[in-house]
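Chemist: For reference, TrEMBL lists these features for the protein:
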- Glu123: active site, proton acceptor (ACT_SITE)
- Cys381: active site, S-methylcysteine intermediate (ACT_SITE)
- Cys143, Cys147, Cys150: [4Fe-4S] cluster binding site (BINDING)
- Gly207, Glu208, Ser239, Ser261, Leu262, His263, Asn338: S-adenosyl-L-methionine binding site (BINDING)
- 129-378: domain 'Radical SAM core' (DOMAIN)
Amino acid sequence: MTLSFDLTAEGARDALRAGAVPEKPSLIGLTRAELGEALVASGIVPERQAKMRAQQLWHWMYVRGVSDFSGMFNISKDLRAELDKHFTVARPQIVEEQISADGTRKWLFRFPPRGAGRPVEIETVYIPEEGRGTLCISSQVGCTLTCSFCHTGTQKLVRNLTAEEILAQLLTARDRLGDFPDRDTPDGAIVPAEGRKVSNIVMMGMGEPLYNFEAVKKALLIASDGDGLSLSKRRITLSTSGVVPEIFRTGEEIGVMLAISLHATNDDLRDLLVPINKKYPLKELIAACRAYPGLSNAKRITFEYVMLKDVNDSIDDAKGLIKLLKGIPAKINLIPFNPWPGTNYQCSDWETIEKFADYINNAGYASPIRTPRGRDILAACGQLKSDSERMRKVDRLALEAMMIAGHGEA
Ligand code: SAH
Ligand code: SF4
């Protein structure tokens, strides 16, 4: 069973409303200090109250998940009305929500153009599993990089997402799953039996997060703030294709778990698969991994390795992989390649993947094959509308496959 809700009619009304009034700045995605400054600059909060008001709003936005000032009961009615005149804490428009039989959910969000010419659309995927629920978040619309097996790489970068838009993916997913205090989870939803519905996040959606460093950093620091969304940094994984100069900063300034899209163990092949390798070759990438702040057996780096038939899937490749990662506290994630229309690559045979995995298991790395999820909503995504510069249907298919197959293990 696949459920799909087209929310465009409601969205169109929102868009009309939004068209009538200039867009109000959102308070989501600001640091506490910026939040206080925004309140003071608007003239509705005196300087001496800025810190206290910022703290109040922080609680409502990130602990209670309130998306309308009217729900902020310990703030006076007059101040709530003033806040509403100047700012917003509203959620973005959900164009579509799809629910797979296995509980995987996928949202298509629409954000304002913000310099891109037209509104932009991105997808966020929720993957419930025994004991945890992982949200796969996008950081850019499109990608500047051109990994040859990835269809997102064929779509030009439209723009970076803002910190607000990155967080909005998490807040809205939690809304839809009833994952805030005093909210009900929708009937029949598949979520972890206990604890938080979204317990983990992975920056493994569209885009290269380290090419949007500042916004990603801001959003992840808010997501992990102990007085707010409170996700443990060990349950947040950022995946990069290998933007070496930003890797140390990721550990130092954000402090989340790192995943590397490795996919090849020698420069000649990696140059072809992940062209950023020409700029930052394996030697530099591996050195940056070894120097990753906080690295230990309890805090390992995940190395993602897409299984491409007759390209990188031989036992010699497996040997190369073990040799390359020697001495680095590492997890290995083998991702069966998700084919897309027009690609020249094929997924390795299952037997080959198992042999490769066995070799890696024998070398001391536990169960590394990632099982694809939510296949049925991939099939159903032909229903998605495509009428702007945003992704064509084939691009979206490949992206969804990538997000669902590549989600992390933290
Ligand atoms: N841009 C970042 C984040 C994307 S994460 C990065 O490259 O790390 C998604 C993971 O899925 C990456 O490891 C990516 O290389 C991989 N991937 C991309 N296209 C894929 C495909 N068609 N099949 C399987 N995995 C794919
Ligand atoms: Fe961009 Fe990652 Fe796809 Fe490479 S794999 S093109 S970095 S999204």
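Cβ coordinates are placed from backbone N, Cα and C, and glycine is handled just like the others.
Any idea what these are sitting next to in the structure?
Modeler: All protein chains considered, the CB of Cys147 ([4Fe-4S] cluster binding site) has 22 other CB atoms within 10 Å.
Taking the Cβ of Gly207 (S-adenosyl-L-methionine binding site) as reference, residues of its chain lying under 8 Å away and at least six apart in sequence are, in sequence order, Ser138, Ser139, Gln140, Val141, Gly142, Cys143, Thr152, Leu157, Asn160, Leu161.
On the 0 to 100 pLDDT scale, the domain 'Radical SAM core' (129-378) averages 93 in this prediction.
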Chemist: Tell me the Cα distance separating Cys147 ([4Fe-4S] cluster binding site) from Glu123 (active site, proton acceptor), rounded to the nearest angstrom.
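Modeler: Cα of Glu123 (active site, proton acceptor) to Cα of Cys147 ([4Fe-4S] cluster binding site) measures 20 Å after rounding.
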Chemist: Would you mind sorting out which recorded positions among Glu123, Cys143, Cys150, Ser239, His263, Asn338 put a C-beta under 6 angstroms from ligand 2?
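Modeler: Correct list: Cys143, Cys150.
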Chemist: Are there any residues in the same chain, six or more apart in sequence, whose C-beta is under 8 angstroms from the C-beta of His263 (S-adenosyl-L-methionine binding site), and if so which?
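Modeler: Looking at Cβ-Cβ distances below 8 Å from His263 (S-adenosyl-L-methionine binding site), excluding near sequence neighbours, one finds Cys147, Phe149, Arg270, Leu273, Val274, Glu304, Tyr305, Val306, Leu308, Asn312.
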Chemist: How many Å separate the Cα atoms of Ser261 (S-adenosyl-L-methionine binding site) and Cys150 ([4Fe-4S] cluster binding site)?
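Modeler: The Cα atom of Ser261 (S-adenosyl-L-methionine binding site) is 11 Å away from the Cα atom of Cys150 ([4Fe-4S] cluster binding site).
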